[in-house]
Amino acid sequence: MSLLITNIGSLVTNDPALGEGPLGLLADAAVVVDGERIAWVGPAAAAPAADERYDAAGRALLPGFVDSHAHLVFAGDRTAEFNARMSGQAYTAGGIRTTVAATRAATDAELDANVTRFLAEALRQGTTTVECKSGYGLTVADEARALRIAAAHTPETTYLGAHVVAPEFADDPAGYVDLVTGEMLDACAPHARWVDVFCERGAFDGDQARAVLTAGAKRGLTPRVHANQLSYGPGVQLAVELGAASADHCTHLTDEDVAALAGSGTVATLLPGAEFSTRAAYPNARRLLDAGATVALSTDCNPGSSFTTSMAFCVAVAVREMAMTPDEAVHAATEGGARALRRTDVGRVTPGGRADLLLLDAPSHVHLAYRPGVPLTAAVWRAGVRAL
Ligand code: NIG
Ligand code: FE
């Protein structure tokens, strides 16, 4: 069954060969979807026939958002902690342990229902690919369970046993790293594509992070790193050195960190929801973009530092607070996320790619930042199927 989406007022392809600028913008465009894939992209006037026809009525079409950093397998929330922060308390990541306790106490069905709910929320806001981390179990069984549950929803699963040292190992962090790189990794690797570590004071230092990432890599998991979120540190350099797909947060960067990212295949993933919800200073996106680094935007959805599933919100904040242009922010939330997940089949509207499409109730992708907080989703197709 093929579908012609025509009368697209403005189409973001992210393929400079198909249209103007880095977004590969096309006006008065059409897209033909055949099964799960995009079969044709071009001017509406030249579109081939298809079995079905959808009139986009002059609105904007873009690739579905690619959220390359989320922590969705958890129970409970941390409203009180958020409230305290909004009356002046600092974020320390110590609250992770609150969520660990709630998550361990939850049933598989409860955790699965939460993931389902958050993914539905994300879909309503135009997200068609979501990465999902473990990290709120911190025992062999609870981390493996989190990844099993995540893997039922997305192929982009990340083993984050090294989120913080488990409470049982408070006096023996080295013992916890042994567990994370040993028995826990054995149990989790079959369900995970990626390995991640929170490289930060109070979590894991550079040597511990290296041990976690190299052990994961030996088991076929590709590294990504929570790096330089709360302070300067070795995370970004380690990510680049180990060929990580992504260094995430990148809030505190030296000139050397920026240069290392710019000269590497490691994507700088910025998570403005975290700075918003912890009332912290935003990362300097301009500095990274001007240096030539690839930048992604993601939600970091988690109950502590960033409880949002909205990529549109992240785009709006990145434009207003991080000196990104609307074009750069939309690129980072689509193609940027795809690069951070080393995917070439999503994040673009290009022949042969997956038909993951977001139609906006707006004439241009710029409205995502221009009309903050407004639900602009008109329709979503996921792998060619109308999902919304
Ligand atoms: O990416 N930085 C570490 N992990 C999460 C926060 C987790 C939490 O506070 O529960 C993050 O911001
Ligand atoms: Fe995170």
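Just so it is clear, glycine is given a Cβ too, placed from its N, Cα and C backbone atoms.
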Per TrEMBL: N-formimidoyl-L-glutamate is bound by Asn302, Gly304, and from Tyr54, Tyr136 the site also lists Tyr136
Given that TrEMBL records Arg78, Tyr136, His163, Ser305 as binding 4-imidazolone-5-propanoate, the matching residue among Gln208, Gln229 is Gln229
Listed by TrEMBL with His69, His71, Asp300 as binding Fe(3+), from among His153, His191, His226, is His226
The binding-site residues listed are His69, His71, His226; by CA-CA distance, the one closest to Ser305 (4-imidazolone-5-propanoate binding site) is His71
Of Arg78, His163, Gln229, Asp300, Gly304, Ser305, the binding-site residues whose C-beta sits under 6 angstroms from any atom of ligand 2 are Asp300
Cβ-Cβ distance under 8 Å, sequence separation of 6 or more, same chain as Gln229 (4-imidazolone-5-propanoate binding site); the residues meeting this, in order, are Phe198, Glu200, Asp248, His249, Thr251, His252, Ala274
The rounded CA-CA distance in Å from His69 (Zn(2+) binding site) to His163 (4-imidazolone-5-propanoate binding site) is 14
Same-chain, non-site residues whose Cβ lies within 8 A of the His69, His71, His226, Asp300 Cβ center for Fe(3+) are Ala70, Lys133, Asp196, Asp248, His249, Leu271, Ala274, Ser298, Cys301, Asn302, Ser306
